[in-house]
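Enquirer: Per TrEMBL, the features are:
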- 227-239: compositional bias 'Polar residues' (COMPBIAS)
- 375-384: compositional bias 'Polar residues' (COMPBIAS)
- 407-417: compositional bias 'Low complexity' (COMPBIAS)
- 459-468: compositional bias 'Polar residues' (COMPBIAS)
- 491-501: compositional bias 'Low complexity' (COMPBIAS)
- 512-528: compositional bias 'Basic and acidic residues' (COMPBIAS)
- 1-128: domain 'Biofilm-associated protein BapA-like prefix-like' (DOMAIN)
- 243-324: domain 'Bacterial Ig' (DOMAIN)
- 328-408: domain 'Bacterial Ig' (DOMAIN)
- 411-492: domain 'Bacterial Ig' (DOMAIN)
- 495-528: domain 'Bacterial Ig' (DOMAIN)
- 142-167: region 'Disordered' (REGION)
- 226-262: region 'Disordered' (REGION)
- 309-528: region 'Disordered' (REGION)
Amino acid sequence: MANVKIVSKKTHEILLEGQKDNLTLSEPSVVLLQVDIKDVSRIEKDGRNVKVTLKTGEVILISDFFDSTGSGDSSKNTLVFENKDHTLSWINYIDNHGAVVEGVNYSYVDDIEIFLYHDNSASPWLWAALPAAGATVAIASNSDTKDHSSDDNVPTKPKLDQPTIDVSRNEDGSVLITGKTAPNVNVIITDPNGSTHIVTADKDGNYTYTVPKAPNLDGNYTVVANDGTSTSESNNKNLESGAPDAPTAKINDAGTEVTGKAERGSTVEIKDKDGNVIGTGKAGADGNYKITVSPPQTNGEDLTVSAKDEAGNVSPNTDIKAPDTTPPEAPTAKVNDAGNEVTGKTDPNAEVTIQDKNGNVIGRGTADAEGNYKITVSPNQTNGDDVYVTAKDESGNVSGRTPAPTPDTTAPEAPTAKVNDAGNEVTGKTEPNAEVTVQDKNGNVIGRGTADAEGNYKITVSPSQTNGDDVYVTAKDESGNVSGRTPAPTPDTTAPDAPTAKVNDAGTEVTGKAERGSTVEIKDQDGN
């Protein structure tokens, strides 16, 4: 059965030691197994637990390794093996983003100090340096300990230089860690919560890592460098607490001024969605501030407000939304050939209304998320008149009207028509600007003209129509639609041809042929 020690990361005390094969963790810890890594057959994640199977068949179960605090954070506990030559092999369960690695990897480290919280002055080292359970681990390091192995001829691995570290708080509450170390080595970061994060330095030795926003990120941050065979001395930097609380913020209806409350004396900044500063000012002794924003924000823009104290600490952002008093642009609009559908583009999700020339609503619908719309109109619009389309955004702002011509497939009504007494002119009324054609009874065009803007027309006919026959008048609109025919009687001022006549032998009857419908008179030589 293997020798085991569990070291508290916070107090540096030995929480448990001895020959154990079933362990349970209750706080962030380093689990140190006195087992050579070469004697290990398998290391596997089993739910919240870690199961270590040795080549001898012995199984060591570490319960709650991935949830020892109930938070579900898998980066708070560390598993280390002490090899036969007293080197230490650290099992890397955490990738650069803090996620659990499904396969098991390991690196050599010089001591376990790098995994402990460093607000305590004690640091454990190799197995022999760890005192009994309940005691505090004594400080030990490669630089002040000569006997690291039972074999004095085992060469000491060269240590990496101590990495530099800078810590700063981002506006979103995350923490930025930067520094410099040897090129291409792993940098192990331990945050104030005890979570471990790993990042690889670039070819110039620079490293950058962002610790995601979480509670309790104020405090000490520790970094060490590890190249797989040796580990540097740790370095640390404290991130002071005391950043201002997020300010309160409210924008006025005109979108020109933001007011609220922040830490007194702090500098308040207002930024647009692209991060541009559009207003800045100072909170007064009572914490109140009033800041003009430029340009005015009147289109529902998303804005952020933050406060920075005199020490340079920046609060979390407060998100606000500008008023939306800007109407959408006039939509595009097109009526289909059937006159029953209008399509176009406007603001996303805007309500689109279609009206006829008299202002009656003949269609209504909503644009999609990209602003496209397709709306059925009723009744169909097929007389060539414009329809008018407007868009209303989610804040109730209404766009200007867009006129859209409808197809003209409707023939004009038959015109009115009257022939003058002279039979040489026809007048009447029809559709404005229509072309008027006058035909005789045989279909010959005897006159043509155009109605004025009010539909009135006056057309000369040639030859004059004075024999009482009807003429026929039609109107053709600008789209080529032709009305029905209107008959108009002409004056009858033309005498009939002389009738034929024959008296019977008895002298009592005259027969012959005359203009149809005419009245025939017979007179004697005296005119009687």
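Along the chain as shown, the residues are counted starting at 1.
Just so you know, glycine gets a Cβ as well, placed from its N, Cα and C.
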Enquirer: Do any residues, 6 or more residues outside the region 'Disordered' (226-262), come within under 8 Å Cβ-to-Cβ of it, and if so which ones?
Expert: 90, 107-111, 113-114, 118, 141, 143, 157-169, 175, 179, 181-182, 185-188, 192, 217-220, 268, 270, 279, 283, 287-294, 296-298, 303, 305-309, 311, 313-318, 320-323, 325
Enquirer: For the compositional bias 'Polar residues' (227-239), DSSP counts of helix, strand and coil?
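Expert: With helix first, then strand, then coil, the compositional bias 'Polar residues' (227-239) has 0 helix, 6 strand, 7 coil.
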Enquirer: Tell me the residue counts in helix, strand and coil for the region 'Disordered' (226-262), as DSSP assigns them.
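Expert: So the counts come to 0 helix, 14 strand, 23 coil.
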